[in-house]
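J.: Pasting a structure below so you can have a look.
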Amino acid sequence: MIRDTKQPIKVPAKPASRSGGKAKTVKPKTVKPKAVKAADGKAASAKASTSKAAVSKTSAKAAAAKPASAKGLKGVIAMAPPSFRRERALIKRGIWPIAGCDEAGRGPLAGPVVAAAVVLDPKRVPKGLDDSKRLSAEKREALFEEICATAQVSVVYASPERINRDNILRASLWALTRAVHALPDLPRHVFVDGRDRLATQCDCEAVIGGDGLIASIAAASIIAKVSRDRLMCKLAEQCPGYGFEQHKGYGVPEHLDALARLGPTVHHRRFFAPVAAAWQKIEGAPQPQIRDLFEADVTVEATA
């Protein structure tokens, strides 16, 4: 039991001696209870620690109850869907038609680059438009059909041979420019995804990340992606064993393994290192004649 250190401890006076002398009066001494004070100090320290812990816990709960600020959400970015706002601003100024264009297939080892241009109907802008990379295959297919049914659409393919000859950037810009000029009505303004403007017969505005900002570009990205995916499935029938229907020509391990086992096809791009190495092994060997599916323009006019 811990004593109360606030009250001093009194030592009783010594009794009178038996010799008959007068008993001396001894003043009671006050003894400082060192051991008791130490024990009490530990208790006080423990109490203070418990109190601090309780305060910290309360603060943590209060912080958790507050809504997280944008500054605290590191790495979390709220992505707003593409809008038709910039197109409407141009329409108010009397500028029409307005096209968006984008491409698909710059990075794969095989297959073409596919460019698409789209002029959306302001009264029938499909809901759910977004960058094709952020959509599921099922959602892309559904939007593809809706876009083709309500908008002006053109699709152009740049073959692997053109990519090998001109490089991937020039082939992509060539396809994008042709897609714009292949539209039923030549647009007065074009939004293109990326840094590079096109040499078109109308005003062209390059927008970095445009497929996630502008509805017309988002629609074009969906048309280009679905068109290319469908074509790669056709190539898979002509070139079995490569898995084009699965990876769409990208350099995944399964594709690299097939390339090492079977060698490259005419649909592979020579300037990629794995393809170049495979070509060196079979240089001079006869190549199978495969029907060319590229360099064709496909135009789908808007329905009434």
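Along the chain as shown, residues are numbered 1 onward.
Any Cβ shown, glycine's included, is placed from N, Cα and C.
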J.: Given that Swiss-Prot lists D102, E103 as binding divalent metal cation, which residue among D185, D193, D196 does it place in the same site?
T.: D193
J.: Centre the Cβ atoms of D102, E103, D193, go out 8 Å, and tell me which other residues of that chain have a Cβ in range of the divalent metal cation site.
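T.: Residues close to the divalent metal cation site, other than D102, E103, D193: C101, A104, A115, A116, L176, V192, G194, G210, D211, I217, A220, S221, A224.
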J.: If you count other CB atoms within 10 A of each CB, which of D102, E103, D193 wins among these binding-site residues?
T.: D102
